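*Asks:* The structure under discussion is supplied below as structure tokens; questions concerning it will follow.
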Amino acid sequence: MIRLWGNYFRIIIVLISFLCLVSVCSNYIIINFTFICMKDDFSQTADVNGTLKSIYDYTPTEKKYILWAVAFGTMLGTFPINVLYVRYGARIPFFSAGVLSALTTGLTPWAAGQKMWIFVALRFLQGVAYSADFAAIGIVISKWAPLNETAIFIATLTSFTSIASIITNGVSGVICDSSLGWKWSFYLHAAACLAVFIIWVLIYRDDPTFHKSVSVKELGKIQKNKSEAHIKDGMEVPYKAIFTSPVVLTVWLCAFTELSTLIMIATYAPIYFRSVLKFDIKIIGFYLGVMTAIHLPFRFVCAFLSDKMKFISELAKIHIFNTLAVGFVGLSFLVFGQIPAEHNISAVVCLAILECFISFNSGGFYKCGTLHSRQFASTVISAIQFTKCISLFSGPALVAFFVTDESSQTQWSHVFMTLAGFTFLANILSFIFFTDKPAKWTEDSGAVKYSKKDGDVKI
């Protein structure tokens with residue numbers, strides 16, 4: 001049978017999975033940029049102490065609730081959705097999450113004009129949809145990634161946040177400044193979300209063994225050196241062992257510290273660039289897009305090096321990459337917080353360098369967690385989503401605690417220093433606990449060279 005994709009159908013699976021991840025992420029972060037232009041929409045107004053004010057001009061407290069609603073929804077949805085993934089695979093649960101994300105996004109302009117509790121409730125449901133992302137990453141990597149392509153798969157799938165920021169900031173900036181207005185940013189994102197998830201449900205299957213588009217040769221590559229327990233479904237998830245593993249707990253701490261910096265940038269960079277660095281609002285989206293995009297080539301180069309370098313041990317590579325992805329990110333954040341407004345271009349460069357250091361995470365804590373947990377990678381990686389939920393709370397909480405004047409760089413620097421301190425702690429612990437070996441609870445019962453429905457062929 002001749003296939004247009006040859007022996008690389010797994011690449012198609014990764015690409016459509018990636019687009020779905022980008023779409024769900026974009027849907028929840030649109031609000032971060034549109035906050036800027038929503039307050040200038042006077043199509044509906046209210047009288048506040050004698051002053052005519054747009055109903056979309058939210059107070060800092062209201063913005064906090066709007067952002068926290070997503071975090072709360074994601075936090076509550078993470079583990080129930082992971083249970084659905086374990087029981088039913090990723091295909092239908094992830095598709096259902098995508099439909100929910102599209103619906104809540106399309107309804108956002110309507111909800112924004114209603115009572116605050118309605119808007120917050122809708123954002124909560126959007127958080128539930130977003131909670132499906134990381135578990136999907138874990139299953140796709142566990143089922144479709146050859147062991148010697150693990151970092152490349154991780155780099156591709158976990159870059160969805162950066163790509164979502166680029167697309168959403170760019171698209172929202174253009175639409176907000178056009179005759180369409182900010183509402184159409186939500187409508188277009190919702191339509192795109194439905195489209196990519198329909199493609200997902202049509203072509204994705206959890207088990208490559210029974211996918212007619214996967215060749216014998218490709219399946220052999222996917223399953224090479226994986227244990228029988230890794231390949232087969234039905235093994236009970238050892239939750240207690242996973243949640244008490246020092247290796248896994250350290251992976252989650254590293255993920256939390258790094259994701260906290262990403263959340264801080266995605267959520268507050270537009271405000272910081274405008275209030276502290278004094279950039280014009282028209283170029284904020286452009287700078288944020290360029291700053292985020294510039295690290296992407298590094299991301300894939302780092303993943304390739306992590307998978308293909310043979311002259312350094314796997315554990316040594318994990319330590320090196322994790323130090324760059326966690327420790328050096330904290331250091332960059334410290335520097336960024338000290339750059340004054342008169343050197344605002346230097347601040348953009350510093351943040352771009354920080355994003356480049358984050359590129360090393362696919363060969364650091366992500367790879368450690370995946371190699372250590374093997375067939376339970378979806379559980380471990382979905383819990384990283386839970387740490388992201390905590391960072392969605394902790395970020396706004398830190399800002400609320402330290403920042404009373406959004407134009408005060410000193411107040412913002414306290415936030416950056418606190419986050420940097422946690423990254424340094426996580427980096428130190430990684431040298432103590434990280435390993436490249438599978439855990440005993442994965443029940444590695446020997447390498448499987450090949451297993452296919454239509455025959456047993458050894459490669």
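From the backbone N, Cα and C atoms, a Cβ is placed for every residue, glycine too.
Heads up, TrEMBL stuff is auto-annotated, nobody curated it.
Note that this is a predicted model, so its numbers are computed, not measured.
I grabbed these lines from TrEMBL:
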TRANSMEM  12-31  transmembrane segment
DOMAIN    12-438  domain 'Major facilitator superfamily (MFS) profile'
TRANSMEM  65-85  transmembrane segment
TRANSMEM  92-111  transmembrane segment
TRANSMEM  117-140  transmembrane segment
TRANSMEM  152-172  transmembrane segment
TRANSMEM  184-203  transmembrane segment
TRANSMEM  247-271  transmembrane segment
TRANSMEM  283-306  transmembrane segment
TRANSMEM  318-339  transmembrane segment
TRANSMEM  345-366  transmembrane segment
TRANSMEM  378-403  transmembrane segment
TRANSMEM  415-434  transmembrane segment
*Asks:* Quick check: do the transmembrane segment (12-31) and the transmembrane segment (318-339) share at least 3 Cβ pairs under 8 Å, counting only pairs 6+ apart in sequence?
*Replies:* no
*Asks:* For the transmembrane segment (92-111), which stretch among 65-85, 152-172, 247-271, 345-366, 415-434 has the most Cβ pairs under 8 A?
*Replies:* 65-85
*Asks:* What residues in the same chain, six or more past the boundaries of the transmembrane segment (378-403), come closer than 8 Å to it by Cβ-Cβ distance?
*Replies:* 60, 64, 67-68, 70-72, 74-75, 78-79, 81-82, 85-86, 90, 127, 131, 133-139, 141-142, 237, 239, 242, 248, 251-253, 255-256, 259-260, 263-264, 267-268, 366, 369-370, 372, 411-412, 414-415, 418-419
*Asks:* Sequence-remote contacts (6 or more beyond its ends) of the transmembrane segment (283-306), Cβ cut-off under 8 Å?
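*Replies:* Distal contacts: 33, 36, 151-152, 154-156, 159, 162-163, 165-166, 169-170, 172-173, 269-270, 273-274, 317, 321, 348, 351-352, 355-356, 358-360, 362-363, 367.
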